[in-house]
Each structure stands twice: as structure tokens, then as C-alpha cells.
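Engineer: My structure is below; once you've seen it, I'll send some questions.
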Amino acid sequence: MYASREDIGYDFGDDSKVRSKPNKPNPNIDGGWAWMIVLSSFLVHILIMGSQMALGILNMEWLEEFNQSRGLTAWVSSLSMGITLIVGPFIGLFISMCGCRTTAIIGGILNALGWILSAYASNVHYLFLTFGVTAGIGSGMVYLPAVVMVGQYFQKRRALAQGLSTTGTGFGAFLMTALLKYLCTEFGWRNAMFIQGAISLNLCVCGALMRPLSPKDLREKYVVRSDSEENRAKALSHSTETIKSNGVLGEEPEKKEEAGNEEVLGSVQHIEIGGKSASGRSMYGLRLFKTVSQLTITVRKGFALWYSSYFGAASLFTNRVFVAFIIWALFAYSSFVIPFIHLPEIVKQYNLSRQDNVFPLTSIIAIVHIFGKVILGIISDLPCISTWNVFLMANFTLVTCILTLPLMQTYIGLAVVCALIGFSSGYFSLMPVVTEDLVGTKHLANAYGIIICANGISALFGPPFAGWIYDITQKYDFSFYIAGLLYMVGIIFLLIQPCIQKKQPREKSTEEAQV
């Protein structure tokens, strides 16, 4: 059932020569600076995802200020949350060209600018541009590097590290809700957004902590991982030859391009050395030309990697398990967002507001969600446990809860289901791990960008769709049923594709035996 990089057919070259040399592992892999990366990612989740979950406070202020419909005003929050995830594939291009650190710092400045400009909003449509688009794009430019860097720095404890970093979402939901409520009460919503913009500048500090690993360290990390995955691959009863025919990410074109780039830089250096006797202006021109040449080469190389991942012969879309993963992501995230949006109205319909005021159901989801991420991460890191199987079991639990939630009409029943939703949704911390296992560390940024883009589409249209179903039926029951059934379709795709991948090599070997 589990599909690793070898199963998909991504070829990262022959590492036999590297394995023969006893390399000293980098102490920052699974330790040292790696934990600073986890801290940086944790703070990013507090400042971005936590703030987005607390937008209900500002939404009430906007309704009172601009006197617009609830549906129109709600699009401000939906745009911010959706765009943060939808821009993932394009942020992957920035990461390929500039690296995670530079991308995150620029994103932090853009996010803070969006908050500050929103403080001067004169209407809701102004907020669409400043908060929905500007702050949303900035959030996406910080969020994706925060996830990718944790995947690069960890090998043995990947799931635990991702789980710890993403718990910032739950903590942020509590902290930012209390902070925004206090700021709006004391200073008004405009000054609150201005102050929040200043706080968001700390995202630049988080980006500065994302110190990149050297190419040598990344190669050593891959060698260690490939050794552990060989034992897992032996337990699988299928070959990779048929899948490799769908497209292999070869290294030869890149090596040729690097050789050509080195020749260009070498010629520039030769001219610079030979022209030492030239005037200072000429030397300045040569240095400027060399800098521009290096920048051009970096941009070309980053764009080539990004383009080949999406549209080249070795596109990520030739990986059918990864395509099934995308289809799953299109339906999954809305099943987690819809309860946060519509549970308060359900509680009001069932006359449970008094109990919910004491301990809100959404708070139960947020608290248990923190423990779910950590516990599922620890379980997935056990040597005898498959991350893929833990991921699937959590999905089955969540979809079951979504389908049974409308049947609960008491506070205790709803609280139990919400607790299970919070725990099972902890599989979000496993998504980067599963993605990295499918495509490898090298293509993690682009691949995970596609996945969170699909999640963004789900978050953007899921809650409005549920509200539209309620307008037709005057019940939220059908909203949860339809969301749960669509979610189940995505899970079925995840189950079918590995079975097809496993069956095809067997059929091929039978034909070869007959010949």
C-alpha cells in the first residue's frame, strides 16, 4: 500500500560512489540547527495560520463598519486563507530561484504590508485587495518555505518535527484570538490591524533563521534515506520498471547545463584576470557583468527545475499516485474548515449556546488538534509503522466523524465527535512527509506547493458551498453529508492508485516469462 520514491520511478542518479566513501554526517541533520528550523516553522504557523483562524473577530468588526452582507464580507477571510495555499506552485518557483530564506523574508514584508494597508480600508472591496490578496500572497511566501525547510533538515524524525512545528496553528488560534479581541476592544479594529502588521514583521526573523543546507549535506541526507528505503522496497512485491517508463527525472540535462554555465563564468573570470591592467571603470563593468551572469544562471536553473517539475517530460503529473494525492487534497481540507465556520450556527439551532459558551466546540477541535499532530508524528516515526498507513487511518477516522456529526444533537455527543475531528485532523503534519516520500527532497517544494494549492481551492469554495446547500435545504445535515462523500472519493483514489502500481509490474513479469 505504501509508495516510496523508488516505486514512482524518480531516478536521482547513481549514488554507489558516494556510499563507498565514509562520510561524516552533518550534525545539523536531525539535531543542532534543525531544532531552530522547527522553532521558526512553529512561529510561522502561529503568526499566519493562527491569525487566519482568529479572523472571526475582525469579521464582526467589518460587518458593523461597512454594513455589507455576511456573504460578501466573509469573502475577505476566505480570500486570505485560500490565496495563502493556492499560490503554492508559484512560490515553488521563487524557492527554486532564490531559496527558502529570501522567499520567506520577502513574504514577511508583504504580509505585514497587507495588514497595515488594510487599516485604512474604506470599503470591503478595498480589503479584498489589501488583506485578501496582498497579505494572502505574503502568507503563502512564508508558509511553504517553513514546511520545506523542516523536511530538508530532518531524516529520522521527520513526522515528529513536522508535528511539533504545525502545532503552532492550534496555539496561534488561541493566542491570536485573545490578542485581536483585546486590541479591537482597546484601540479599535483599524489600530488592531496596524499593530498586527507590526507583529507580522517577525516573519522576517523567522525567515532569517531558515539557514540553507549545502548541496553536499543534501546528498548525504539522501544517501542515508535511500539506505533505509531499500529495506522497505524489498518488502514490496512490485518492480519499478513500468512506472519509470512514465517519466524519469534524470540528471544528465542538468549536468550539461551546469557545465555550460561554468564555462560562461570561467570565461568571465578569465577576462577579469587578464584585464587587471585595465582602468577601474572597465574592472567595475566586468564585475557587474559577472554578477548579472551569475544571477541569470541562477534564475535559469531555478526556472528549468520548476518548469520540468510541472510541464516537462519528467513532470510530477506523470506520477499517478501523486495525481491521486492532488485529487484527495481538493476535497479534504474543506471537511476540516466547514465545522469551524458552521458549528456556531449548529449549536444555536440545537439550543446549546449556554454549554458552548462555557467550552466552545471549536476550541475542543483546536486543543485536541495540537495533541493529534504530535502523537501521530511520534507513531509515524516508529520503525515498524508505515507513515502512509497512519495517514490513511487518520483520514478514515475524520471522514467518519464528518458523516456522523449531523446525527449528534446533544452537547456531549458533539463534543466527542469534535474531539475525534481534532485528533484525526492531526494528519496535516504527515502531509509533507508523505509528499517527500512520493517525490523526494529535491522536488518537495514544487510538489507540496501543488498539494497546498489544492487545499486552498478546497478552503476557498468549501464553506460557501456548505452555506449554499443550507440556503436550499434549510439544514446543515446535507452540507456535511456531501462534504463527507466527496472526501471519501478522494480517499478511494489514494487506495486505488497504489494497488494499480502494484499490479502492473506483476502483469509485465508474467508476459516476459511467457516470451
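Numbering starts at 1 and runs along the chain as displayed.
Keep in mind that glycine also has a Cβ here, set from the backbone N, Cα and C atoms.
Keep in mind the model is a prediction, meaning the values are calculated, not measured.
According to TrEMBL, the record shows the following:
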type	residues	note
TRANSMEM	33-55	transmembrane segment
DOMAIN	37-502	domain 'Major facilitator superfamily (MFS) profile'
TRANSMEM	75-95	transmembrane segment
TRANSMEM	102-120	transmembrane segment
TRANSMEM	126-148	transmembrane segment
TRANSMEM	160-180	transmembrane segment
TRANSMEM	192-210	transmembrane segment
TRANSMEM	321-341	transmembrane segment
TRANSMEM	361-379	transmembrane segment
TRANSMEM	386-405	transmembrane segment
TRANSMEM	411-434	transmembrane segment
TRANSMEM	446-466	transmembrane segment
TRANSMEM	478-496	transmembrane segment
Engineer: Restricting to the same chain and to residues at least six past its boundaries, which positions have a Cβ under 8 Å from a Cβ of the transmembrane segment (478-496)?
Structural biologist: 1, 324-325, 327-332, 334-335, 338, 342, 392, 395-396, 398-399, 402-403, 405-406, 462, 465-467, 469-470
Engineer: For the transmembrane segment (102-120) and the transmembrane segment (386-405), decide whether they are in contact, meaning at least 3 CB pairs lie under 8 A, counting pairs 6 or more apart in sequence.
Structural biologist: no
Engineer: With an 8 Å cut-off on Cβ pairs and a sequence gap of 6 or more, do the transmembrane segment (386-405) and the transmembrane segment (321-341) reach 3 or more such pairs?
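Structural biologist: Between the transmembrane segment (386-405) and the transmembrane segment (321-341), contact is present.
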Engineer: Averaged across the domain 'Major facilitator superfamily (MFS) profile' (37-502), what pLDDT does the model get? Just tell me the whole number, please.
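Structural biologist: Here the mean pLDDT over the domain 'Major facilitator superfamily (MFS) profile' (37-502) amounts to 77.
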Engineer: Does the transmembrane segment (361-379) come close to the transmembrane segment (192-210), meaning at least 3 CB pairs under 8 Å for residues 6 or more apart?
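Structural biologist: These two segments do not touch.
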Engineer: Using a Cβ-Cβ cut-off of under 8 Å, list the residues of the same chain that are 6+ residues beyond the ends of the transmembrane segment (75-95) and lie near it.
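Structural biologist: Distal contacts: 48, 52, 55-56, 58-59, 62, 102-103, 106-107, 124, 127-128, 131-133, 135-137, 139-141, 143-145, 148, 302-303, 306, 309-310, 333, 337, 445-446, 448-453, 455-457, 459-460, 463-464.
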